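Colleague: Here it is, the structure, as structure tokens.
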Protein chains: 2
Amino acid sequence: MRSYYPVISALGLILMIFGLLIGFPLTVSFFMHDGATAAYDEALFITFAVGFAMWALTRHSKRKLRTRDGFLLVSATWLVTPVFAMLPLMFYLPELSVTDAYFEAASGLTTTGATVLSGLDTLPISINLWRCFLHWVGGMGVIVLVVAVLPILGIGGRQMFKAETPGPIKETTLTPRITETAKGLWFAYVLLTVACTIALWLAGMDGWNALIHAFSIMGLGGFSTSDASLGAFNSVPIEAVTIVFACAAGLNYATHYLVIVQRSWRPYRYDPELKYFFLVLAGSTVMLTAYMYAQPDHADLPTVFRLVIFQVVSMATSLGLTTTDYATWPVFAQLWILFLSSFAACSGSTGGGIKMSRAMILYKQVFAEVLLALHPSALRRVKFSRTPVATNILHAVLAFGFIYMACIIVLTLVLGGSGLDLISAFSAVIACLNNAGPGMALVGPAQNYSVLTDFQTWVLSFAMLLGRLEIFTLLVVLTPTFWRK
Amino acid sequence: MRSYYPVISALGLILMIFGLLIGFPLTVSFFMHDGATAAYDEALFITFAVGFAMWALTRHSKRKLRTRDGFLLVSATWLVTPVFAMLPLMFYLPELSVTDAYFEAASGLTTTGATVLSGLDTLPISINLWRCFLHWVGGMGVIVLVVAVLPILGIGGRQMFKAETPGPIKETTLTPRITETAKGLWFAYVLLTVACTIALWLAGMDGWNALIHAFSIMGLGGFSTSDASLGAFNSVPIEAVTIVFACAAGLNYATHYLVIVQRSWRPYRYDPELKYFFLVLAGSTVMLTAYMYAQPDHADLPTVFRLVIFQVVSMATSLGLTTTDYATWPVFAQLWILFLSSFAACSGSTGGGIKMSRAMILYKQVFAEVLLALHPSALRRVKFSRTPVATNILHAVLAFGFIYMACIIVLTLVLGGSGLDLISAFSAVIACLNNAGPGMALVGPAQNYSVLTDFQTWVLSFAMLLGRLEIFTLLVVLTPTFWRK
Ligand SMILES: [K+]
Ligand SMILES: [K+]
């Protein structure tokens, strides 16, 4: 037990900070008189007290955190914080089950945005603020996790962003130490969130909705203040702003930071993923607009384009806000946008899925294998960002691509085995594993996840966490080898 | 054009031989007076004449076949022979469209066993014989392709069976030359087919049905003489014989050959896939029997077991014969047996899917990556058959696993885009890509593939050929690079 003290101590610190964050909706609730104040003070006290106890009882351990502890700390943080994040929801909505409350909180922190709640429009403003604030905090966590922690843990080829390639991080002044890196990235994150809030406000949202949705958009979360999601606003300017900032959030925050620090657009030009990210979005928009316009009962072209570009960008970036019930679209269009969510977002963004960088390497490697079969003597190495990809990184990325698909199959089988229909099961797994949000059929954009059984809800909570922790981080902790002395 | 002469000449020879094979159903039809004789003589003549013309016009080319030609010859053979194999079907059934006839013939030769025909019970005996004989001939082709040709072409890690590991082929007297290897494997194939015919006959089938079904079983094809498939016989002994020989056909024929030659069971013990093949079959049978018995409206245990073990073995080996309409089973059970068809069959068998050897390597590599994340310094190499897997083979297998899944996604999207419902599209792609046969929903075990549009039928014909040629063989030929001078 004693050997876990450093992890427990660090987790205690994180919980104390997380407890203090509950002060934000508490303050808002207090000044807005929205009747939810009582839900927060208890939650704040419990979270801070538990965190303090954990920290105080174990802080005398002087041992430093090692790689092994890193896996445990990261996994434990993402598994445990939803337990405390759900407290305000449970206190305000006593009829909410623990299963559903944990799902909602995990959906917030993992920036998945799948909800079990309905009647969002009538909830107190501070509750909706808390839900979307979880996205924003989760997004902060993700950025640090992916850019600073996972490369050290060496998960799924993440190391390539550390030293092997002259990627955006290495060639500049970003210091390798986690805290400095985190500060730089958070600076870009906060700045973009402020800009997004102002833009949404200028586009016609009231101040609170603008802030709440900016949290949701920059974290690529997808919770909203209405059951109709962003469709409730029915506003072209708001949709345009959302599209712009969803695209920004889908890029590598490290690149944003460099642009801000260097006061030059050049880092965007050298980002190895950016071009393909926009190519995929633009190509899919054009293709699906044409496809939808070719349907027998199509609307006029501007309307079709407006609907398609929003759902494409929102799902491809894994934001998951919607402006229409696209469950009424042909199944091909639904599948396509669900498919986009699995790879379009860039590394170092708040998006989900396998990320554009891995998708590029996987594509190139498959292509290289085809050529290799043709010219066995040719020594062809897959390049990323103009540099050959090291063998260990290539293995890691290939294994990641494979296990990602294996997770989809296994979890779909588990949900199917529990009685869920195949389309709902498959799409729910993809939507949760990619941290995208809406799926198809029973869990489609106009539905919500409350129809699922407790077992199915837990499976999907697990899928969200698995996706957010890039699968391996959590898998490593779940192996018996990890716990062996 | 001249540079393709050696390929055209070889293809001409293959077609001449294939034309002569049409003499088999012709003879049977002649002596059985089943009224289909006229369908064969024309087909025989056309096939032989075309083959002869191709060979005669190009035979003066003295250049030997190179690796590049190998890809073209293999792909062309599998694409072109169905064109001639479908002639007897078209002549006897003039209402059959070219699309459907090609699908049926390709389904036969690729040993997929998906059919567009109904009213099988009333067809002349020689037509059903021809359909199942295509399975058997296709199975012969597959064995040679996989064991002798693909290792030379270096497809998807097949080389590992050639020289890199002390697998069953290398450690013994099997000569490496294609013709010798082929003869040995065919000897085992013919011997097992004879044994299967006798066993089916002893189990109660009449002679012709025994022979026809032996062709279907040993090629792991799945065509039958009845719309109700093997369910029409409703006989425990026949099902038991089918299970035993389907398992035999799902093993590596090279291992069978060694057992026959060495007159010892030892080669089975050293086959690196055999143990896992039977473990998967046994585990799935036990699990699904328990699952089906736990359903509210279950039958008695022996009946459940009898149904489960037959469908599990039949689908896992990718045979695809059925004894019940398992579309009425819970979706989990249907998905599970479809899932089994994607990996359970061994290399060098007549089965489809990625094969047990690749599945084992993929599983071990993912597991190794998890351990590697935990102990970055540990140098851990994936082993197969007690030998470390070479890096190039590992890459090839990982890329194969990835592109296999990518094909499923892309082809499902294409079928979905053409208007097919998602479950039918997904299951049809898996059933055809794995050369298994029955899918789910519209293409389920009690349905047939005639409900599909022409476009969808061609897509699935392509899927069968793609699966049978282990994807890369066909992909290589489809790249522009291949055709560049
Ligand atoms: K999301
Ligand atoms: K089959």
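From the backbone N, Cα and C atoms, a Cβ is placed for every residue, glycine too.
Whatever TrEMBL says is automated annotation, not expert-curated.
On a predicted model such as this, the values are computed, not experimentally measured, just so you know.
Here's the feature list from TrEMBL:
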BINDING   A:T111, A:T112, A:L220, A:G221, A:N435  K(+) binding site
TRANSMEM  A:7-32  transmembrane segment
TRANSMEM  A:38-58  transmembrane segment
TRANSMEM  A:70-93  transmembrane segment
TRANSMEM  A:133-153  transmembrane segment
TRANSMEM  A:184-204  transmembrane segment
TRANSMEM  A:240-260  transmembrane segment
TRANSMEM  A:276-294  transmembrane segment
TRANSMEM  A:303-321  transmembrane segment
TRANSMEM  A:333-354  transmembrane segment
TRANSMEM  A:393-415  transmembrane segment
TRANSMEM  A:422-443  transmembrane segment
TRANSMEM  A:455-478  transmembrane segment
Colleague: Determine which residues of this chain, when A:T111, A:T112, A:L220, A:G221, A:N435 are set aside, have a Cβ within 8 Å of the centroid of the K(+) site's Cβ atoms, and list them as they appear in the sequence.
Modeller: A:S107, A:T110, A:G113, A:H135, A:G138, A:G139, A:G219, A:G222, A:S318, A:L319, A:G320, A:T350, A:G351, A:G352, A:A436, A:G437, A:R468
Colleague: When you check the transmembrane segment (A:455-478) against the transmembrane segment (A:70-93), do you get at least 3 Cβ pairs under 8 Å, counting only pairs 6 or more apart in sequence?
Modeller: yes
Colleague: Determine which residues of the chain contact the transmembrane segment (A:303-321) at the Cβ level, with the cut-off under 8 Å and only residues 6 or more beyond its ends counted.
Modeller: 111-114, 213, 216-217, 220-222, 224, 229-230, 236, 239, 242-243, 246-247, 249-250, 280-281, 284-285, 288-289, 292-293, 337-338, 340-341, 344-345, 349, 351-353, 431, 434-438
Colleague: Would you call the transmembrane segment (A:276-294) and the transmembrane segment (A:393-415) in contact, using three or more Cβ pairs under 8 Å, pairs 6 or more apart in sequence?
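Modeller: Output no: the transmembrane segment (A:276-294) is apart from the transmembrane segment (A:393-415).
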Colleague: I'd like the number of other C-beta atoms within 10 A of the C-beta of A:N435 (K(+) binding site), please.
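Modeller: Its Cβ shell of radius 10 Å holds 32 other Cβ atoms.
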Colleague: Going by DSSP, give the three-state secondary structure for A:T111 (K(+) binding site).
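Modeller: Its secondary structure by DSSP: coil.
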Colleague: Please determine whether the transmembrane segment (A:70-93) and the transmembrane segment (A:38-58) are in contact (criterion: at least three Cβ-Cβ distances under 8 Å, sequence separation 6 or more).
Modeller: yes
Colleague: Can you work out which residues elsewhere in the same chain, 6+ from the ends of the transmembrane segment (A:38-58), have a Cβ less than 8 Å from its Cβ atoms?
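Modeller: Beyond its ends, the transmembrane segment (A:38-58) has Cβ neighbours at 5-6, 8-9, 11-20, 22-23, 25-26, 29, 84, 87-89, 91-92, 126-127, 130.
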Colleague: Give me the long-range Cβ neighbours of A:G221 (K(+) binding site): same chain, 6+ apart, Cβ under 8 Å, in sequence order.
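Modeller: Correct list: A:G108, A:T111, A:T112, A:G113, A:C132, A:L134, A:H135, A:W136, A:G138, A:G139, A:F215, A:L319, A:G320, A:G437.
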Colleague: Can you give me the same-chain residues 6 or more apart in sequence from A:L220 (K(+) binding site) with a CB-CB distance under 8 Å?
Modeller: A:T111, A:H135, A:G139, A:A246, A:A249, A:G250, A:T317, A:S318, A:L319, A:G320, A:A345, A:S349, A:T350, A:G351, A:G352, A:N435
